[in-house]
Amino acid sequence: MEPEGTTEERAPNLAQSAASKLSQMGERTKQLGNVIQDPVRQKRIILVIVCIALFLDNMLYMVIVPIVPDYLEELQTAADLAQDAAPRTNSTNSTIHKVTKGNFDLQIGVLFASKAILQLLVNPLSGTFIDRVGYDIPLFIGLNVMFLSTLIFAFADNYATLFVARSMQGLGSAFADTSGIAMIADKYTEEAERSKALGIALAFISFGSLVAPPFGGVLYEFAGKRVPFLILACICLIDGVLCLIVLKPFSNRERENMPVGTPIYKLMIDPYIAVVGGALTICNIPLAFLEPTIANWMEETMHASQWEIGMTWFPAFFPHVLGVYLTVKLAAKYPHLQWFYGAIGMVFIGASSCTVPACKNFGQLMIPLCGICFGIAFVDTALLPTLGFLVDVRHVSVYGSVYAIADISYCVAYALGPVVAGQIVHDLGFVQLNLGMGLANVLYAPALLLLKNVTKMKPSFSERNMLLEDGPTGLYDTIKMEQRQKKKKGLCTTIDDNGIETFAKRSFSEEESSGGEYA
């Protein structure tokens, strides 16, 4: 038995050690908070959060490709058995059942397209909402909706529930994707940095789209339907927590000073933005139309196995990343040729699309599919930063609505693909579908010549810096300069009311005259 004095001596020691550990934890938490609030590191963390959100969205978009048709077929078989077991009172039930079974492919097509259709409808509203409240709250809302839709996917046991889950994903994507891309454009204001950051985001989009089918197919085969969706839901939850900790969406008050963005309908009728939007739609049509049709064509023409069909798009990830890398490097060296990189990408897509029907085996098919993804990487990486530049130069530097237009452009292709592509193949043939898509891309490429002089419209980044150091010319520049002063405490510039009043008058006159100047 230990003496009482020894026990009494240990109590203060334990209290001291506990207090020191708490103090150390407090210091580490404080250090972590300082690291998160550091402007450079915060930009990188925000890029990680956005990239994970985009990766998840595209994983969820494509992971159902190998799962849902087989799962719906199982449900249909179970319904058949239940109907056969039930006593038939009349022939009406049998007739209805046959019609439903005949519409099986249409049901799958509508289910796949429902996400893009709802996203297409919500995007004009989400873009305006993002312009009004900032980028962080819509991103957090989008992640929450995507988390709920993923859980519903995991536990859905009928077509109606799957349809609700797919549509909810479109709602979440309209907020998360648009606000994420817009946030990158807002945080990375220098041209080279912005192109690089958007290129990284596009690489994550590609990785999510291409790795999802094998990921979903393997887990569905060996672990069941729920496991892939539960894994994606956990990743989505982690990303949402990161967003809450780093961005603090409900405590950030800087949005009160945000300038009012240009309405989305005005951006849509801007000829330069319209040309970019058209290019983004047309360049994604081959991918959107081939995804629902190429599996049947491979089975019929080259008797492809299931693993070959599942791995069809996976090799294309590597040329897509290569295309992103090359475009970022070229844009940094020759920024005035962004339009040319987009046109080259569209020609690549057109030529590759036309050669798809000529392939006789799986190995040959990889070449044009890799060419399509390589070209899409060129177009997206060149034109997404161009949208940001056009808003900076011709409108107000608030990016929610313009990247909502970009998202609408993608959604047009992916909403039409699952519904229209199969009908075109049935009526005209797979060869005619590919030739039409290839020809559309090649013919649209010259339209990007309209963007040739975009870089001459805007001052260089260094000139903008000099202007800000001399004094702000408007509300947006005032906010940006105040943020820069927080980052660089050695810089001191005074702000007077006359500058802001001058901007108010000048911005009004610019808005009135911008149509005549650039039309």
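Backbone N, Cα and C atoms are what each Cβ position is placed from, and that goes for glycine too.
Taken from TrEMBL, the feature region 'Disordered' covers 1-20.
TrEMBL lists 45-68 (among others) with the feature transmembrane segment.
The feature domain 'Major facilitator superfamily (MFS) profile' is assigned by TrEMBL to 46-519.
Per TrEMBL, the feature transmembrane segment maps to 137-156 (among others).
Through the fold, the transmembrane segment (197-215) approaches residues 47, 50-52, 54-63, 65-66, 180-181, 184-185, 187-188, 228, 310-311, 313-314, 316-317, 320-321, 324-325, 327-328, 373, 377, 380-381, 384-385 of its own chain, all at least 6 residues removed from its boundaries and within a Cβ separation under 8 Å. Look at TrEMBL and you will find 197-215 (among others) tagged as transmembrane segment.
Per TrEMBL, transmembrane segment is recorded for 227-247 (among others).
Among the features that TrEMBL reports, transmembrane segment is placed at 267-289 (among others).
Under the heading transmembrane segment, TrEMBL lists 309-328 (among others).
Under the heading transmembrane segment, TrEMBL lists 340-359 (among others).
What TrEMBL records for 365-390 (among others) is transmembrane segment. Sequence-distant contacts of the transmembrane segment (365-390) (same chain, six or more residues past either end, CB-CB distance under 8 Å): 181, 185, 191, 194-195, 198-199, 202, 206, 270, 272-273, 276, 279-280, 283-284, 286-287, 290, 298, 302, 312-313, 315-324, 326-328, 331, 338-339, 341-342, 344-353, 355-356, 359, 399, 402-403, 405-406, 441, 451, 454-455, 458.
The transmembrane segment annotation in TrEMBL covers 402-425 (among others).
Residues or ranges marked as transmembrane segment by TrEMBL: 431-451 (among others).
If one looks beyond the transmembrane segment (340-359) by at least 6 residues along the same chain, the residues whose Cβ comes under 8 Å of a Cβ in the stretch are 279, 282-283, 286, 290, 294, 302, 323, 327, 330-331, 365, 367-372, 374-379, 381-383, 386, 430-431, 434-435, 437-442, 444-446, 448-449, 451. A contact links the transmembrane segment (402-425) to the transmembrane segment (267-289), because at least 3 Cβ pairs that are 6 or more residues apart lie under 8 A. In this chain, the transmembrane segment (267-289) touches the transmembrane segment (431-451); three or more CB pairs sit within less than 8 A of each other, excluding pairs fewer than 6 residues apart.
Sequence-remote contacts of a segment are chain residues at least 6 beyond its ends whose Cβ falls under 8 Å from one of its Cβ atoms, and for the transmembrane segment (227-247) they are 36, 42, 45-46, 48-49, 52-53, 56, 59-60, 63, 67, 136, 139-140, 143-144, 146-147, 150-151, 153-154, 215-216, 219-220.
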